[in-house]
């Protein structure tokens with residue numbers, strides 16, 4: 001299995017330093033008491049919380065995307081409580097900023113005490129390989145960046161004292177060399193006292209504050225993010241959706257037909273995308289097929305010169321029927337075998353970000369609700385449309401605005417998300433049906449370390465953590481002052497960037513408001529972790545596709561239309577491993593004129609699959 005290459009990938013957003021949060025609802029309740037993860041935290045949420053606690057660059061990306069992005073649309077992160085992830089990310093960054101301030105102060109004081117020694121020590125440390133910590137953007141497929149250290153799941157080699165003493169002695173010798181090459185000579189008591197003070201400032205302080213920050217991060221992972229009781233997979237958003245009503249297709253509607261900004265992007269029905277692929281946040285393509293079917297009465301004989309009569313239904317009627325039939329696939333209770341556990345049915349409208357200002361079907365006042373304080377450039381576009389706008393988009397076949405029936409299955413405690421997007425269109429007596437299946441692979445392995453930890457850290461693990469902090473103290477020292485200065489200038493940089501974007505919005509009617517980054521998708525692994533995850537994705541995807549085809553066939557038959565061609569195609573739209581003429585066909589097959597089918601998806605456990613050429 002290979003991940004398909006797709007043209008026109010959207011460019012990554014530049015890093016924008018945090019200044020102040022945009023207007024949105026309050027965060028989730030305060031921190032949980034020590035112990036296993038709370039019942040409301042599913043596995044995907046826990047893993048992303050672990051990622052922001054242990055990986056600094058991912059934490060900065062989460063905070064920039066969830067709290068300080070006020071212009072671009074938000075991409076969905078299916079199955080993830082982004083408020084909870086953002087809370088952990090902000091707490092992690094507070095600890096990092098405090099570390100940098102203390103270490104930066106120690107570096108400045110050392111410069112005042114022994115400037116040449118401090119400069120030489122920094123240069124020698126950099127030349128020996130400590131380097132300067134890079135603050136890079138976390139992009140899909142890249143390294144997760146600097147971390148708070150690995151979890152020791154293998155028996156370490158050597159003694160605990162030796163693990164700490166070796167890097168300490170190395171750094172002390174580097175400082176001694178800096179003193180030797182500098183004007184500070186150690187044969188006088190004042191010079192020796194200066195050496196000791198410099199060693200405390202350049203080695204001791206960075207070590208202590210790095211160890212304290214890393215220990216705090218791992219303590220939170222152990223106390224709050226270890227696995228607890230599993231959350232039912234089909235549970236929807238716990239807060240705002242509780243008092244909403246659902247129609248036959250599972251769309252949440254309020255009594256006054258109003259809209260609101262979703263805090264997680266999980267229940268969004270308006271997706272403003274950027275680039276080529278509209279299904280941002282849904283993962284990689286798993287399979288797709290399409291066909292066109294002529295709508296003629298049963299027994300109709302071609303070649304008579306007469307046109308078939310018009311059909312007695314609309315696209316909206318067929319979408320309603322499809323939604324109701326697909327909802328019947330859902331299990332009635334968690335863990336039951338009367339349906340698919342974790343299945344949700346809804347409708348979504350997709351629009352390219354460059355068309356938000358010009359689409360006539362959605363007025364700007366509904367895309368940016370809230371009056372003059374919610375104009376483009378001051379607030380993110382909404383991801384919730386009123387019910388009548390969704391209904392009006394059904395069957396559109398021209399322009400950038402398109403409607404899809406969305407069937408989503410969250411399994412393995414939301415660690416595996418399969419989404420089937422079904423497009424239905426009636427035009428000129430022809431039914432066009434398109435199905436695109438996407439799979440959101442499990443969260444990458446380095447974010448899952450909480451599953452392997454015990455509640456308490458052993459003395460041996462604590463000693464190893466202290467040793468790792470010594471090794472990391474050099475890069476932390478060299479980057480501390482630049483980080484503090486960068487933090488002081490963050491507000492001005494963000495303000496200037498937003499002013500530039502607003503200037504462009506006022507002058508460019510095709511400004512791209514589309515979402516560039518889904519946090520859940522960015523944290524996804526390129527591989528399945530378990531063979532049966534692939535089996536489950538294949539099985540449930542096939543169930544949904546068969547239900548779609550069966551529902552359409554029954555609907556057309558009830559209206560007296562010929563279904564012979566559709567019935568033949570239903571049996572030939574096949575998925576992985578279908579036997580034909582004694583051979584095995586590994587892929588999807590669609591028969592009939594104009595029918596197409598493809599199959600892709602994440603690879604199995606092992607090296608990441610290469611992109612298809």
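Placement of Cβ uses the backbone N, Cα and C atoms for every residue, glycine included.
Looking at the stretches 120-155, 156-191, 192-227, 228-263, the one that TrEMBL records under the feature region 'Disordered' is 228-263. Annotated by TrEMBL as transmembrane segment, the relevant range among 46-73, 74-101, 102-129, 270-297 is 102-129.
When TrEMBL is compared with the stretches 1-42, 337-378, the one noted as region 'Disordered' is 1-42.
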